[in-house]
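To start, the structure itself, in structure tokens.
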Amino acid sequence: MKSDSEGHKSSSKIQIHKGKILLKPRSWVNLGYSIANSEKETFFLKNAIPGETVDTVLLKRSGSLFWGVASEIQEVSSERISSDCSIFPRCGGCSYRHVSYQKELEIKKFLLQETLEHFLSKKHIQIPEIEILSGDPNGYRNTAQIQLGFAGNQRLAGFYEEFSHSIVNLPEEGCKNLPQEMNFAFAEFLKQEVKGSKQILKSKTLSFRLEGTKVISYKKKSVSFSENIRIPELKKIVWEIPAGGFSQVNRYLIAPWLEKIFELVPNNQNRILELYCGSGLIAIALKSKTTSWLGYEISSDCVQQAKRNVLLNGISSCDFKTLNLETDWIDSEEVLNSSFWIMNPPRAGLSKKVLQTLIKTSPNGFLYSSCNHSTLVRDLSLFLNKDYKLSNVTLVDFFPRTKHFEVIVKVEKKD
């Protein structure tokens with residue numbers, strides 16, 4: 001698979017076909033797009049495969065950069081498949097329903113590899129072979145938020161259109177990414193609203209979470225989960241998440257993700273420091289790795305839940321504290337001297353304060369799990385030097401058929 005730097009940049013002028021722009025994308029790029037060029041413009045295309053010739057409807061412009069959707073395929077790639085969703089590519093939720101899932105994984109691996117090489121090659125950091133964890137690409141989400149609105153008297157319920165706040169109604173059969181229980185719950189809610197047995201919701205969103213096979217309100221109820229994971233023996237762990245609290249959204253990959261983290265974290269640590277600890281799920285799975293565990297999280301509700309979760313699993317010597325890692329420093333030298341760090345930040349990546357602390361403290365090693373590979377690699381490029389090696393990179397496809405994916409990296413000091 002060619003990178004965009006290797007592909008030939010067309011110097012041809014823009015061609016118009018049936019009132020649409022005729023383009024030939026040359027490579028895959030981040031965020032689910034392929035890229036095409038004219039003499040002066042660059043185009044990012046949804047629903048287009050490199051090598052195809054496509055009629056394009058432009059949706060967004062910023063200077064010489066354009067974003068659009070391939071509406072008709074004039075020259076079809078052998079890699080193209082028929083979409084299994086009637087609202088793709090109009091719906092902004094999915095990016096890869098025009099290729100097989102195996103091809104999607106290849107594309108995501110290629111994009112991660114290219115980003116790593118772009119940021120780290122100048123520092124002569126050796127990049128290990130990328131591993132992939134994946135599961136069933138259908139019905140995987142345990143949380144969902146549907147956009148609500150009206151077009152005249154017609155009720156709209158679905159996801160936003162690409163580059164728009166126009167709502168695309170869900171297909172009658174529901175969203176392929178959602179469990180059938182959740183699709184049924186959304187449909188039933190709207191049916192009852194039409195009948196008048198439910199008051200018309202004034203909110204602009206409708207959010208649910210899946211607890212086993214039961215669908216509950218995302219913002220109004222806490223939820224309980226359990227998983228059997230090998231750490232290394234098979235063990236059942238249980239945890240709760242407060243109403244509105246964060247959880248990993250892929251119900252099929254929580255156990256494999258935790259097992260991979262367990263595999264990568266070294267044994268017999270004197271203390272593990274976890275930043276952005278959420279409700280304590282990683283601590284529950286990995287407490288046997290260390291005599292002491294300390295986690296920091298901005299949400300006081302999540303911190304209190306993390307303390308309850310370790311007790312639910314009969315675990316001691318774990319503590320969790322509320323701290324805004326964007327604005328506040330960790331002021332304990334003892335804590336900063338923890339032998340291993342684990343970080344699972346939001347999409348924006350590590351805060352400047354955390355990154356500065358990491359560089360100053362230079363721990364023996366750390367694990368970084370992120371749903372934004374661009375900010376992860378950016379942070380790595382600022383930290384990695386001749387004293388450290390990148391010993392593992394694992395792509396965890398938490399978000400099949402979409403432009404997103406999770407990445408776990410392990411960094412450790414050289415011998």
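The backbone N, Cα and C atoms fix where each Cβ goes, and this holds for glycine too.
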* **Per Swiss-Prot, member of C175, C277 binding [4Fe-4S] cluster alongside C85, C91, C94** => C175
* For the S-adenosyl-L-methionine site that Swiss-Prot lists with Y276, E297, N344, give the additional residue from the candidates Q180, Q192, Q248. => Q248
* Structure fact -> Cα of N344 (S-adenosyl-L-methionine binding site) to Cα of C94 ([4Fe-4S] cluster binding site), in Å and rounded, measures 24
* Asked: Considering only the recorded positions C85, C91, C94, C175, C371, which residue has the minimal Cα-Cα separation from Q248 (S-adenosyl-L-methionine binding site)?
  -> C371
* Nearest of the recorded positions (Y276, E297, C371) to C94 ([4Fe-4S] cluster binding site) - Cα to Cα -> C371
* Asked: Taking only the recorded positions C85, C91, C175, C371, which one has a CA atom nearest to the CA atom of E297 (S-adenosyl-L-methionine binding site)?
  -> C371
* Going by DSSP, give the three-state secondary structure for E297 (S-adenosyl-L-methionine binding site). => strand
* Asked: By CA distance, which of the recorded positions (C85, C91, C175, C371) lies nearest to Y276 (S-adenosyl-L-methionine binding site)?
  -> C371
* **Cα-Cα distance linking C371 (active site, nucleophile) and C175 ([4Fe-4S] cluster binding site), given in Å to the nearest integer** => 22
